[in-house]
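Peer 1: Structure in structure tokens, see below.
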Amino acid sequence: MRDLILFPRKTRFWWRPSMATSFLNGERAVVVFFIGILFYSLPPSLLFHGVALSLLTLASFSLEISFDSSNSPSLFRTRPGASSGILLGAVTLPSLLLSKLVQLSRGFSLDQLQLQEIQYLTLQYWATSASACSVVLFLAFARRRSSLSPSHWGARFSLCSIFLGILISVAALATTSQIGMHPALKLAWVFCHGLASVKLIQHFLKTFPSCASIGEAFLVTSGIVLYFFDMLLLTTKKLHGLLVSSESVTAEYETSRSEISIIIQGLVLGLLLYPIALKYFLQIWEWSINTSPAGARRYHEIGRTVIFLASLGFVLIVIVPSWMQFVKGFHVHPFFWVISFVFSEPSKRLSMCIYWMCIICVSVLRFYNISKNSKIERILLRKYYHLMAVLMFLPALIFQPKFLDLAFGAALAIFLMLEIIRVWRIWPLGQPINQFMNAFTDHRDSDLLIVSHFSLLLGCALPIWMSTGYNDRPLAPFAGILSLGIGDTMASMVGHKYGVLRWSKTG
């Protein structure tokens, strides 16, 4: 077939049929296919939501091609050897929330849930879309400024798509009757999400260079912003209920929150915000040591440990539980609520804990010895932990799903604390934890920040957490465990044994 040559103004762009495979590699094809299926299943009431998501997909798709095909130096210090991943990072959360909206709309048509659930999730969807659009807009402007050819088609097309998507989103958000907030408040709320996402991804890529691709940083920062503003909205609603009489408080965003979800949210966000305070505490400690006599410096490490334990204990025992009790109204301290919850069915839940501890101890000790004394590649060794996750979580999901929710939150909190100890080198556990974790890392991890264990845990936990409440898909909670524990493991083993057949050079 003869090549088709296009001559836009200022640039010359050659398109060949063979370039289609390089543009639409495996990951992009899967994302586009999923967005197409999602758009096909939308009811008429969610048409504007789908159009906004389609424009976001086009913008992030063209921007990813622009980043990956560029020969100029990277704008950010990202994970070596990884593609930008902008498309997947931009559309994952909005498409996930839109899928949930489709599911809730089916339940609402069957009178199985209240309108408030749809109202709240609609606000979350537009806020997440605003975060994604803002970051894509920031990346597109950064791409245009750094490119040797400022008129690069990918950045220009991305900017046009985003601006059109913003106009449609603002019109839909201001006119929809499902959200009862004042239009100015709705626009300000989603604007704050977008601004916070841009600032956070800049801070993340600067503070943790070479730890993640742009898409991975995109996904993490969007999730943190969404989770934090959800906490802020819950707190604001509670304050509004205290300041205004209960008869005048509307229930537009009143959603059913279980005690377990509040406990997990408080723990995770408290531990994510805690390093900011720890940084200033340790800076004050360092300053006091530097101005003290030289003989006092031998207590430096012990002092750092005391400050860490005291501040962490104050956050986890006082500050975080106080917020939980304020928002949810626990009649007892949340820590004692967890104990009473575990011992409400002691034979099942304690035996499950013993089962987990046995698997963890045997597997970790065995795999750690193998990693030191064997030549097995790290990527295969790490896949054994995926199989271990299946053995641990699948029985609990079948027999004790609520207890598994709480256990996932506790495990995520422990992982965050261990990573804080490792990064800050808190004596005496900082260095041993760092050596232990490095035994399972490969070229995709950085010594500055290790995220593989977080990815495995969240990949298994998020489908279960998002399936709480109304769910007409019984197999949805099993998606993470089966795809990561079995599908990803088998893909790695088969690929390692039989090699790789790439769809395109960039795939």
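Quick reminder: no glycine exception, Cβ is built from N, Cα and C everywhere.
Keep in mind that TrEMBL annotations are predicted by a computer and have not been checked by a curator.
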Peer 1: Pick from 46-63, 82-99, 478-495: which range does TrEMBL record as transmembrane segment?
Peer 2: 478-495
Peer 1: Relative to the transmembrane segment (448-466), which of 123-141, 262-282, 478-495 accounts for the most Cβ pairs at distances under 8 Å?
Peer 2: 478-495
Peer 1: When you scan the chain for residues with a C-beta under 8 Å from the transmembrane segment (262-282), skipping those not six or more beyond its ends, what do you find?
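Peer 2: Result: 224, 227-228, 230-231, 304, 307-308, 311-312, 315-316, 319-321, 323-324, 327-328, 334, 337-338, 405-406, 408-410, 412-413, 416-417, 420, 424, 465.
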Peer 1: Check for me, if you would, whether the transmembrane segment (302-324) reaches the transmembrane segment (406-427) - at least 3 Cβ pairs under 8 Å, residues 6 or more apart in sequence.
Peer 2: yes
